[in-house]
Every structure is written in C-alpha cells, then in structure tokens.
C-alpha cells in the first residue's frame with residue numbers, strides 16, 4: 001500500500017529533444033522537393049508531436065500553480081489525502097487550440113502559394129477557399145468557447161441542469177457557418193438509438209478513464225478517415241485545401257469525400273497528442289486530474305469532426321460504452337433510484353481493491369423502480385440488498401464501472417481502468433463492423 005502521494009513522473013530530456021527533432025522534420029518536409037501529396041498532413045503531424053511534448057512538460061510544471069489557486073482535490077480512491085492538481089484539462093485545451101491556430105496557414109498553404117506566385121489570366125482567377133477557412137475558424141471558435149465554459153464549470157461547479165445549455169451555446173458558431181455553407185445541420189442518428197436523443201454521459205471517477213476514452217475514440221475516428229478515403233487517395237491528387245491537388249478525371253464527389261476526411265485528422269491528430277501526453281500524468285496513480293474542461297473540449301472536438309466531416313452516425317457508434325452507461329444510469333438520473341453525488345466504486349483501504357458502491361433507499365422504492373431494478377438484477381447488471389420481507393434496501397450504483405465490479409468481482413483501480421479501456425476498444429471494433437459490414441441493417445439508407 002502507498003501511504004503518501006506519489007512524486008511526479010520523470011521526463012527524459014533525450015526523448016523530448018529527439019521527438020522535437022522529428023516534429024521539426026514533419027513541419028519542414030512540405031517545403032522540400034519533391035513536395036509530398038498530402039503536405040498539410042505532414043505539418044499536422046509535426047504540430048501534434050510538439051503538442052504532445054508541450055503537454056508532457058506543462059502538466060507537471062503548472063501543477064503547483066493550480067494547487068496554489070485552490071484548483072486541487074483529493075483522490076477518493078486512495079488512502080492518502082495529499083492534494084492533487086485539478087482542472088489541468090485547461091492546459092491540454094490551451095495546447096490543443098494553440099496547435100490548431102498555428103496550423104491555419106499550413107492548411108491553406110497551396111492557396112496562399114497560388115495567390116502569391118500566379119497572376120490572373122483571362123477569365124481564370126484563382127479563388128481562396130473562404131468557405132473552408134470559415135468552417136475551420138468557426139470550429140476553432142466553438143472549441144475556445146467550450147474551453148471557457150468548461151473551466152467555469154471547474155471553478156464554480158455548475159449544477160447539472162445548468163450545464164445542459166453549454167454545448168448548445170458553444171456550437172452556435174459551428175452550426176451557423178455550416179448552415180451558411182448550405183450544410184445539413186441535423187445529426188443523423190442510427191435508428192435503434194434515436195430514443196437517446198443524443199444524450200451521452202462521460203465515464204469518469206478513476207485514474208485515466210476520461211482521457212483514455214477520448215484517446216481511443218479519437219484514434220478510432222482517424223482510422224475511420226483512413227478506411228474511408230484510402231481508396232480515393234490511391235490516385236495522387238491535390239486540391240486548394242489541405243495541401244492536396246486534384247488530378248484530371250477525379251470525380252467531384254470523390255474530391256469532396258477526401259477533403260471532408262482530411263478535415264477530421266487535422267483536429268484529431270493534435271487531440272490524440274494532448275490526450276497521450278496528459279494520460280502519462282493521469283495514469284494510475286494519477287499525478288493530475290483533468291477536471292470538466294478536458295471532457296467538454298474533447299466532446300466538442302468530436303462534434304466538430306462529426307458535423308463538418310458528415311459522419312455523425314459513424315461517430316456515434318464509437319460511443320457505444322457511453323450509450324450503455326447512459327441507459328444503465330437512467331433510473332438514477334431520472335429519480336427512480338436515489339442518486340448520490342459520487343457514484344464511483346467503493347475503495348477498501350485494507351485490500352486496496354474497489355467494490356461496487358451502493359445507493360440506499362430511505363423508504364421502500366416505488367413499484368416502477370422496483371420493477372426496473374429486478375429486471376436489471378435478472379440480467380446481472382446490479383446487485384440488490386433485500387429485507388427479509390423482500391423489499392429492496394440497497395442497490396449498486398447504476399454505472400458501467402460498478403457493473404464491471406458486479407460481474408468481474410473486486411479489483412484494483414489500475415485493472416478496472418484497463419477493463420474500461422478494453423471495453424472502449426471492443427466498442428470501436430464493433431462500430432467498424434457495423435459501419436463497414438452491417439450498415440444496411442442499422443442505418444436508414446444513409447451511411448454517414
């Protein structure tokens with residue numbers, strides 16, 4: 001057992017310098033002959049590597065500053081009370097948005113080059129892709145608004161009913177530009193999941209859970225972009241956006257498809273980088289907590305690529321564990337079952353194991369609540385504590401983490417987060433199977 005707080009994780013200067021050299025090469029490579037076909041992607045990888053380095057360094061460096069500002073908390077699942085810096089998702093969000101801002105000239109480098117080197121001839125006037133730029137900037141503005149609102153939530157602990165408008169407010173710039181560009185602003189939801197109305201809960205409470213989920217989902221989105229556009233990229237082309245020129249004979253629809261799926265990696269690669277860097281410090285035992293800011297920003301980043309990339313249905317499939325968690329949590333969220341402030345598993349200091357936490361009924365549950373709990377118990381989703389008369393006295397809290405502990409038995413925190421991440425990976429594998437194998441059965445003729 002660990003009786004005191006663990007020290008910060010060490011960083012290898014040699015590793016950081018070597019990685020910085022690699023990142024610099026990726027940024028410089030598009031300026032060297034022969035110019036690569038996907039020059040913007042090279043630059044994005046370079047900035048992402050720098051974002052990874054910055055996150056690795058800044059999180060432990062700024063931790064004491066956050067503690068002095070009273071942005072700290074105790075790890076509820078540890079036996080030490082040493083304060084741990086919280087709300088460091090603000091650092092991740094700042095690095096992430098800065099990388100996206102610095103990348104703007106490189107995303108439109110070909111168009112800038114054409115304007116500087118070519119003179120208009122006849123009726124041909126090279127046009128700058130203002131529509132693409134407006135989409136990029138509106139997405140960036142939504143991310144910045146989400147960062148501010150998320151940090152306000154960390155500082156003022158906004159209540160749940162007041163949190164609901166936050167994503168709507170932050171997405172207004174994104175949706176307005178999308179509407180102005182004649183985009184379709186509704187989110188297409190798989191038929192069996194439309195009853196969820198888009199309401200998802202982030203899974204948290206244990207070291208590495210929030211950032212681990214975001215990392216797996218972002219990686220899955222990048223893989224989906226590769227799978228979708230790989231065939232189109234077989235023919236070398238370039239366009240006015242993203243450092244890609246179109247060959248003669250390439251269909252307009254194919255060009256649009258590839259541009260949409262190149263937009264996504266430009267937002268996902270830096271996100272993978274900052275999440276990887278933060279996960280190094282947030283992994284069990286955590287040296288830093290993300291707070292709500294990181295969850296807000298990652299959620300908005302996924303919304304941005306899902307809407308602008310026109311694959312909202314595919315994106316939703318990557319949230320299968322979160323959907324399961326939401327459905328399981330509904331009886332507590334809607335008041336049928338008592339819902340304590342913290343539903344994290346119960347920590348046993350003697351064994352260093354986690355057990356399912358419980359919700360206690362101060363009075364007998366209603367018939368509806370009892371029926372729901374008996375159904376959940378029948379499917380081994382919860383454990384119930386009964387009075388001799390058969391009345392339900394306690395139930396395990398309705399979260400996926402407690403569900404894992406009910407089905408798999410007590411385990412330590414590190415193993416539990418590994419189970420959660422494996423579940424997220426399995427969810428992505430299932431999502432790819434549905435997207436590329438069973439789409440006709442799940443979607444109503446629209447595979448976006």
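Numbering starts at 1 and runs along the chain as displayed.
Just so it is clear, glycine is given a Cβ too, placed from its N, Cα and C backbone atoms.
Worth saying up front: this structure is predicted, and the values here are computed from it rather than measured.
Range 263-281 is the one annotated as transmembrane segment, of 263-281, 358-376 (source: TrEMBL). When Cβ-Cβ distances under 8 Å to the transmembrane segment (293-311) are tallied for each of 12-32, 44-67, 88-108, 133-152, 417-438, the top count falls to 133-152. Here the transmembrane segment (88-108) has long-range neighbours at 27, 30, 39-40, 43-44, 47-48, 50-51, 54-55, 58-59, 62-63, 66, 128-129, 132-133, 136-137, 140, 143-144, 146-147, 150-151, 154, 240-243, 266-267, 270-271, 273-275, 277-278, 281, 288-297, 301, meaning same-chain residues at least 6 beyond its ends whose C-beta is under 8 angstroms from one of its own. Contact between the transmembrane segment (263-281) and the transmembrane segment (12-32) is absent: fewer than three CB pairs lie under 8 Å, with pairs separated by 6 or more positions in sequence. Of the candidate ranges 12-32, 133-152, 417-438, 12-32 has the most C-beta pairs within less than 8 angstroms of the transmembrane segment (44-67). Within its own chain, the transmembrane segment (12-32) has Cβ neighbours under 8 Å at 39-40, 42-43, 45-50, 52-53, 56-57, 106, 109, 243, counting only residues six or more beyond its boundaries. Here the transmembrane segment (417-438) has long-range neighbours at 203, 206-209, 212-213, 216-217, 220, 223-224, 227, 284, 314, 317-321, 400-401, 404, 408, 411, 447, meaning same-chain residues at least 6 beyond its ends whose C-beta is under 8 angstroms from one of its own.
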